[in-house]
Amino acid sequence: MWNWSYAAEILPTLLNALLVTIGATLAGFVLASILGILIALGRRSRFAVLRLGLQGIVNFIRSTPLLVQLFFLYYSLPMILPISLSAFTTGVIGLGLHYATYLSEVYRSGIDAVPKGQWEAATALDLSPVRTWFSIILPQAVPPIIPIMGNYLIVILKETPTLSAITLVELLLTAKNTASVSYRVFEPYTITGILFLVISLLLSFGMARLEKRLNRRHTA
Amino acid sequence: MSEPTAETKSVMTLPREEVVSPLTGEPIVQYQGVTKTFGDLEVIKGIDLALYPGEKMALIGPSGSGKTTLGRMLMTLEEPTTGTILIDGEPLWQMKTSSGKLVRANEKHLRRMRQKIGMVFQHFNLFPHLSVLRNVTLAPMSVLGLSKEEAYQRAVEMLTKVGLQDKLGEYPSRLSGGQKQRVAIARALVMQPKVMVFDEVTSALDPELVGEVLEVIKEIAIDSDMAMMLITHEMDFARDIADRVIFGAEGRIVEQGSPEAIFEQPESERLQSFLKRFR
Amino acid sequence: MSVPWLDWLPLLGEGTLITIKIALLSIAVALCLSALAGLGSTSPIIIIRIASRTYIELFRACSLLVLLFWVYFALPFVGVELSKLWAGVLAIGLNIGAYGAEIVRSAIFAVPKGQYEASLALNLTPTERTWKIIIPQAVARMIPPMSNLLIELLKSTSLVYFITLSDLTYEAMIIRNNYYSYTPYIFALLLGIYFVLSSSISITMRILERKFTAWR
């Protein structure tokens, strides 16, 4: 049932594909983090149109599957706009947009947790809004939410196989291709599953330790 | 703050059994050499104390003196570290096996013993998802096995006693703190325990609501033969209704006696300085 | 040019029904597992606690799509052959159930300790304490996070497209083969249908919440 020599034979191929998976994960996470903060800031805007518009968009993106969003981006966007994106770029944009909506909520909880006195102090010091945000509020809002953001890094990692639907040859698609050549499916899919499991368990273990360290620093 | 030295210890334990309860007969509750340790902290450092049927006993003392723990051990919410608690002469936390050996009590034994004890909590602990009526009828129906009608009748009787007969259908969230605590009292009373523990029942209330709750307890104290253990910071209240007052500090009984003795002629320095804060 | 919406209706309708069917079956599996593992992780019996924790940690760390592939393509090689529908339901149920168990567990722990103490002081049996006092209050706390989780579940049903189960997404891709030039419309419509389905979940859950928290 389990063929060790076959497993050893395909492992290098799979590990190579893992690099694509990790690349898409990291790029998607960075994009989501940046867009997420912009959404969070926009949702505190004075302009109701911006606030409500963003709320609607966030709600829509969170209510629809990433897979369909990827299809839309990959297959329809080139028909609407004069652009053509690679599978990798589309995948990263899809992941980034989708999880930005989740991360914006995380940022929001972090920002809400900053004491009101900090805003008042910034006002009293006559700091500009940009200065207030980037020197006073965000440096206090972000560290406590780092563990939650870390959890989303893991979530994004686990979602990357969806990118195979738009022909990105990441780990799962590589396993599928390997299986279709050899007609042995058990080893490639099992190895793929274990790789995802191990990486996400390691990451969540790391996050738990980080959280403990952060907690200690904050209570000190 | 500091541990009591050998000298202060002897002073503190001096008047322990000097005053016997004004009531006689077999004690209903006996603490025998009871200690309780939480982690490294010894909160009860050896208590011997008896409560007699119908007796109203007030426990006073600074916070951290272990009064609440004493009540919680009786309600089986905490297990003593060493020592024995007897109810009607029977160990609460141990039971006899068929061979006559004393072993740690199981849930069945605890449930039988618990039947005799009731408790009213500082934070009411009403069941928020049940109406006032259901809060009071729940235990009589499922524990005492009363029919719906019997339970209803008893509940209404108790709720009338605490002056809340017009709130039967309300949820606790709609009541004031004082009303909540009165429901909690009715809920405990309806089980007809032999001993009732009142654990700082007014400490969580707004000052203007304290009176109505104390008034209800006073009435119950007067017309019921239930024994009461009143853990309280309300000195006037303790003086009014207690047959005996126990003053404890740092896990020991420092002084006990009649309300007159305790409040008019405190002997120990600890009690004198404690009482000064309430004048 | 006019968009041939009406031509798409039959296929999309069928796909929607399949998606709803998968979602409902997966919800049933996921809720059962959530309750079992969630209550299990508060059990006084250590083996039950370890088994629940292991399930929760393992399946939360799992990538759902990889799990689906493994269940559908790899399991037959060890003699377990499931239909497309049941492979999808099992994979989604196992995955979402692990997250649901965490919701159940934290809702139970969030019920104030005084509630347990009061029910003990009234001499309720351990079973009554759990089912009459703790669980009803915990359920009220579970509903909002469960609402979000069920929307995640609905979204994840689209992954059965990968094992060619003819759900909503799959049918849309079929339509796209025949109406290639209308691709943007097809996907926009598809997103719209998913949005309506998600919204009906959140509306249902909001009604449930109001019902379960009338006492607040």
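Using the three backbone atoms N, Cα and C, a Cβ is placed for every residue, glycine included.
Unlike curated records, TrEMBL annotations are generated automatically.
As recorded in TrEMBL, the features of this protein are as follows:
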| type | residues | note |
| --- | --- | --- |
| DOMAIN | C:16-198 | domain 'ABC transmembrane type-1' |
| TRANSMEM | C:20-46 | transmembrane segment |
| TRANSMEM | C:58-79 | transmembrane segment |
| TRANSMEM | C:85-104 | transmembrane segment |
| TRANSMEM | C:185-208 | transmembrane segment |
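Long-range contacts of the transmembrane segment (C:58-79) within its own chain (CB-CB distance under 8 A, at least 6 residues past either end) are made by residues 87-88, 90-92, 94-95, 97-99, 102, 156, 159-160, 162-163. For the transmembrane segment (C:85-104), the list of distant contacts is 21-22, 25-26, 28-41, 52, 55-60, 62, 64, 67-68, 71-72, 75, 138, 142, 145-146, 149, 152-153, 156-157, 159-160, 163, 165: same-chain residues at least six beyond its ends, Cβ to Cβ under 8 Å.
Counting only same-chain residues 6+ beyond the ends of the transmembrane segment (C:185-208), those with a CB under 8 A from a CB of the stretch are 3, 5, 8, 12, 16, 19-20, 23, 143-144, 146-147, 150-151, 154-155, 158, 168-169, 172, 175-176, 179.
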